[in-house]
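A.B. asks: Pasting a structure here, questions to come.
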Amino acid sequence: MPSKAKVAIVGSGNISTDLLYKLLRSEWLEPRWMVGIDPESDGLARAAKLGLETTHEGVDWLLAQPDKPDLVFEATSAYVHRDAAPKYAEAGIRAIDLTPAAVGPAVIPPANLREHLDAPNVNMITCGGQATIPIVYAVSRIVEVPYAEIVASVASVSAGPGTRANIDEFTKTTARGVQTIGGAARGKAIIILNPADPPMIMRDTIFCAIPTDADREAIAASIHDVVKEVQTYVPGYRLLNEPQFDEPSINSGGQALVTTFVEVEGAGDYLPPYAGNLDIMTAAATKVGEEIAKETLVVGGAR
């Protein structure tokens, strides 16, 4: 049987459980452990039924095991990951961080994954970042983008207490990613918790300022190419319509604009399909883990 990277999931909540189902389908990753702190959590119960070794005794239990993971996916909280990250590093365990801790470099698969395959710890930014930064990157690789603004609208019921408590952190982290990874000179991020019932799937609007003489066909083609790339790991990611180009106006600060509308429908592995905002995080994290495993196993001669 082909070799797979041994994986531990730290956290046993909604995101961790959805991630588990994606990892179970992977040709490169083998989930072996799920670590939580709540012995009654549904995530631990499901993981145990699926054959994983589970514990509610936290990260220290995992690190005390004689057989250790190659990779850890952590979906706890920023402060928990900041405490655990040095322990993973000391044990030689690579970490994929789904919290806002940002201990390691931020990764958006279509934009900069190849640059960070050797990093001991990588951060998945935010759901809004995973959904919108690829579009900013698609535009900025064709023309200069002096300003980009993203608006992420997610179903209110999909936003848990952690998201609600960290709205400011969400916007700052996403805006920073729009600049550092997306390539915009300045960036802004807005999140809307949509209270509609039945819940609406995630929808995002991405505004990019562009030169008035920009090659619009090249920009549109680049956007379509990046959307196709994201769809390889998030099939429910799609354009709502063609990118819209607007001439400079007072409303746009005198700059030409390209506006892109996308929506993200989840795969429904554990979370409902409307929770595309959470699904894109687990799918992107799985993609990153698989690419790290491919690099490690192929270069190391395990395959």
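Keep in mind that glycine also has a Cβ here, set from the backbone N, Cα and C atoms.
As listed in Swiss-Prot for this protein:
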- Ser12, Gly13, Asn14, Ile15, Ser158, Ala159, Gly160, Pro161, Gly162, Thr163, Arg164, Ala165, Asn166, Asn277: NAD(+) binding site (BINDING)
- Cys127: active site, acyl-thioester intermediate (ACT_SITE)
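What's the neighbourhood like for each of these?
C.D. replies: In sequence order, Pro199, Met202, Leu271, Pro272, Tyr274, Ala275, Asn277, Leu278 are the residues near Ser158 (NAD(+) binding site), counting only same-chain partners six or more apart with C-beta under 8 A.
Taking all protein chains in view, 30 other C-beta atoms sit within 10 angstroms of the C-beta of Cys127 (active site, acyl-thioester intermediate).
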A.B. asks: For the binding-site residues Ser12, Asn14, Asn166, which Cβ has the most other Cβ atoms within 10 Å, all shown protein chains included?
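C.D. replies: Of Ser12, Asn14, Asn166, the one with the most crowded Cβ is Ser12.
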A.B. asks: Taking the Cα atoms as reference points, how far is Asn14 (NAD(+) binding site) from Cys127 (active site, acyl-thioester intermediate) in Å?
C.D. replies: 14
A.B. asks: Measuring Cα to Cα, how many Å separate Cys127 (active site, acyl-thioester intermediate) from Asn166 (NAD(+) binding site)?
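C.D. replies: A Cα-Cα distance of 13 Å.
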